[in-house]
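Copied over from TrEMBL:
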type: COMPBIAS; residues: A:1-16; note: compositional bias 'Low complexity'
type: DOMAIN; residues: A:192-229; note: domain 'Zinc finger Sec23/Sec24-type'
type: DOMAIN; residues: A:265-504; note: domain 'Sec23/Sec24 trunk'
type: DOMAIN; residues: A:509-593; note: domain 'Sec23/Sec24 beta-sandwich'
type: DOMAIN; residues: A:604-704; note: domain 'Sec23/Sec24 helical'
type: DOMAIN; residues: A:731-804; note: domain 'Gelsolin-like'
type: REGION; residues: A:1-93; note: region 'Disordered'
Amino acid sequence: TLTGGDSSSTTTGSASPVPNSYESLEGGGYSDLAAPPAGVPAKQAPPFGYNYPTVHPAYQQNPAPKPDPSPSHGGYNPPGYQPYSQPFPSLSELSSALGGLGGVSEQEAETLRPVNLLQERNILPPKRAPPPEPNLSNDLRKVNCSPDTFRCTLTNIPQTQALLNKARLPLGLLLHPFRDLTQLPVITSNTIVRCRSCRTYINPFVSFLDQRRWKCNLCYRVNDVPDEFMYNPVTRSYGEPHKRPEVQNSTVEFIASSDYMLRPPQPAVYLFLLDVSHNAVESGYLNVFCQSLLDNLEKLPGDTRTHIGFVTFDSTVHFYNLQEGLSQPQMLVVSDIDDVFIPTHDSLLVNLKESKELVKDLLNALPGMFTHTRETQSALGPALQAAYKLMSPTGGRVSVFQTQLPTLGAGHLQSREDPNLRSSTKNVLHLGPATDFYKKLALDCSGQQIGVDLFLLSSQYSDLASLACVSKYSAGSVFYYPSFHHVHNPAQTQKFQKDLQRYLTRKIGFEAVMRIRCTKGLSIHTFHGNFFVRSTDLLSLANVNPDSGFAVQMSIEESLADTSLACFQAALLYTSSKGKRRIRVHTLCLPVVSQLSEVFAGADIQAISCLLANMAIDRSISSSLSDARDALVNAVVDCLTAYRANGSNIQPSGLIAPAALRLFPLYVLALLKQKALRTGTSTRLDERVFSMCELKSQPLQQIMRMVHPDLYRIDNMTEQAALHLNDSVIPQPPLLQLTAEKLTREGAFLLDCGSVMYLWVGKGCNETFIRDVLGFQNYASLPSNMTEIPELQTTYSERTRAFISWLLESRTFLPAFHVVKDDASTKTSFFQHLVEDRTESAFSYYEFLLHIQQQMSK
Amino acid sequence: MAFTFAAFCYMLALLLTAALIFFAIWHIIAFDELKTDYKNPIDQCNTLNPLVLPEYLIHVFFCVMFLCAAEWLTLGLNMPLLAYHIWRYMSRPVMSGPGLYDPTTIMNADILAYCQKEGWCKLAFYLLSFFYYLYGMIYVLVSS
């Protein structure tokens, strides 16, 4: 049963007298870990079925899933695809012989197949490769956590730190813990079974020693099974604890009792902080915002206790009294911005249900109230301080809309960008904050469970590097719409509107903390993402939303030689928008290996690239951008050198990489050409900083699309190999490499970059396509600013729209769409994404490979 | 036994080094508390940051005193630490108040490990200098 109203008592089990209560809520780390009791007999004969196989994975004869051997596999394999045909017959014979012996599985042999990058022209698979499957038994694989939620850079964990260092690859996890899930088992039992010493939640990878005892897979402590756990409510049977849903699913949600609450669960509280200076009114965002909020007022996540408030600011701060019973909203102006105070106590944050009419009146009147304003200053700092004071009692979410540099009051900023240095090839300055006002404010907000989200809609430099701090440490999100204007830039306006729709209606969790636990021997040393690191493994998230991803880096403190499985558990304790305290637990299990070749075989190149991107951004802020770029190149050089040193004694010419890592140089080159890390091309500082924020806070799929977009040819899509879903036929054109070589004037190509999509139409594109899909007679009549595909009744149009909707299926933020003609000015932004091509300041892909080869031979 | 200015400097340095040893021990305990999750980084940084400049100023003060007393060897031994302090303070994170420690980055394992090592090294140095000043003071008192 849920007790929502009791005051809390901290949970037992954490021995240290911690004044910081959130630690004790979630349970401690290993500080009170005692040595395993000496009474445990050395030999356990577990009853059949209660234990999981602990045989070294290399000896398991798994029917490993075959890699993608579709016949249209591109040019690099001869037709009649043979898994082992390649230029190095001796190595392939060796690996196939080993595969037969059972020492190396087929899957592993495929991922270790050497690829000469200088000779293979087409290394891109026709479809985006799925994440590598860990080499586990089928039972474990079935219950293992979905890679969309929890992903590791190395699916085979090295046994020792020395082995990891030899591989020269980073070890880390990429998490997306609060992602929208279609199926989530929710456990409502009274007891939440956790390990006594390390406080790990029971998960599918524990071993049951007998019916009444279980062994933790993270600290190896033997625990008792409580009586309530013996009864399985799903199957109504007794005595089979291993069939309970907590032990059958690696992603579960527990309903937390009052032990997990420091205070009664807070209601949803939303505060909107709106810039109403002249600049803001000019840009016209207020109309879009008010309309969007009016449309979505019913759909704001919450219940009957939801509160809402509005604060507008220019050179003074304005509050709105929305007390139920007033005939219209009352504006209260506080002009003393050096010492902002809250004019009245009760009616600024009002119950949404009760004051709905007043809120609607305010939203309708707001755009009109400031049309003739002459205020050009912006007092963002004082407005944020006022918001903090207003929200401190409860916590909640503050959404800040800013259109210019804050110039007045505390936290005012100077323009630091020098436009002449935008294309500098040397160091880029001012990537870090200018003042710690916003960071300190974010920390205060985080302490009071207030999350601050920032929407920056400015056309001039607004020092996003300093402003973004207010969201970074309070677990908020940053949105940036450069050159936003409701008339001159309709594409941005549309995107803003669509983003607001998602932002206002998406799920939200309040007053959250997250803890990531690993098997004994592994430890986490660096965290990446928007949160505050409260202790060595506890992250404090004032708000948690389904669109943010996190990354952590790990090191191996002790040898993992005596275990064959390493497990990781992420537990997120949060208050849902309906005031229920929940714990979402994800558990991932991976095999431990002792051979360097196995480490390479299990490398997940997408996860590695994302983790390297996070590390590069940290390095560019703490040290310098050129350092970060060099470090990225060195990462590739070191890794391929390590592979070569470990491999056979054959030293062929060329650049050899294992198949698992064949896309590594390509992804690193794409990273070096990102707005965040590029030099030599003119990049505005705010856009660069925003690109850095995205790389650090987006989930993996979104980052990969941003870094290495998907290019398809869509004017000649056929039904061959199409998917048939729900009565519609979805064509599956192959992925093309990102080079202008693949573009042709006679075609139309779609570039999917995650947050924006381009449809490039060649000058000689066939008129059937232009007529049937785009609705215009010929190429010349295509407008230069088309932002959507019309719904025409032709097969071509249906097919194209089906394909695009299929691409957008599980996306949360819909991309902006641009139709780019070959001679339009927007074509530069399209061509910037073609990373394999040479630009005036960066290598082409082949040149980059030669550069790596040169570095390797030093 | 002549009570020269140099003797006075050494005596003062002795007392002040005791204070510096105290600061070093405080730092070690504080980082250990952070590492074992006993304290919250924000509170801990608020306690540690105000102590940084006083420590550096005390050290600068008796360097200046040794300069005035023309004790070149002692001054030479303290120069590296002075240079290190200056470098450390120049490369501190952006902060409005005095201090070196930023609560958002201090829980990073690399930085925490560095600060702990720094604490131990400084403790060793101050302890050694304590005995050196003791010897120096007696030598100066006796030899003139």
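Each residue, glycine too, has its Cβ placed from N, Cα and C.
Over the domain 'Zinc finger Sec23/Sec24-type' (A:192-229) the predicted model carries a mean pLDDT of 91. Secondary structure by DSSP for the domain 'Sec23/Sec24 beta-sandwich' (A:509-593): 0 helix, 60 strand, 25 coil. Among the recorded stretches A:192-229, A:265-504, A:509-593, the one sharing the largest number of Cβ pairs closer than 8 Å with the domain 'Sec23/Sec24 helical' (A:604-704) is A:265-504. The residues of the domain 'Sec23/Sec24 helical' (A:604-704), classed with DSSP into helix (H, G, I), strand (E, B) and coil, number 70 helix, 3 strand, 28 coil. Counting residues per DSSP class in helix, strand and coil order gives 3 helix, 12 strand, 23 coil for the domain 'Zinc finger Sec23/Sec24-type' (A:192-229). Using DSSP to sort the residues of the domain 'Gelsolin-like' (A:731-804) gives these counts of helix, strand and coil: 24 helix, 12 strand, 38 coil.
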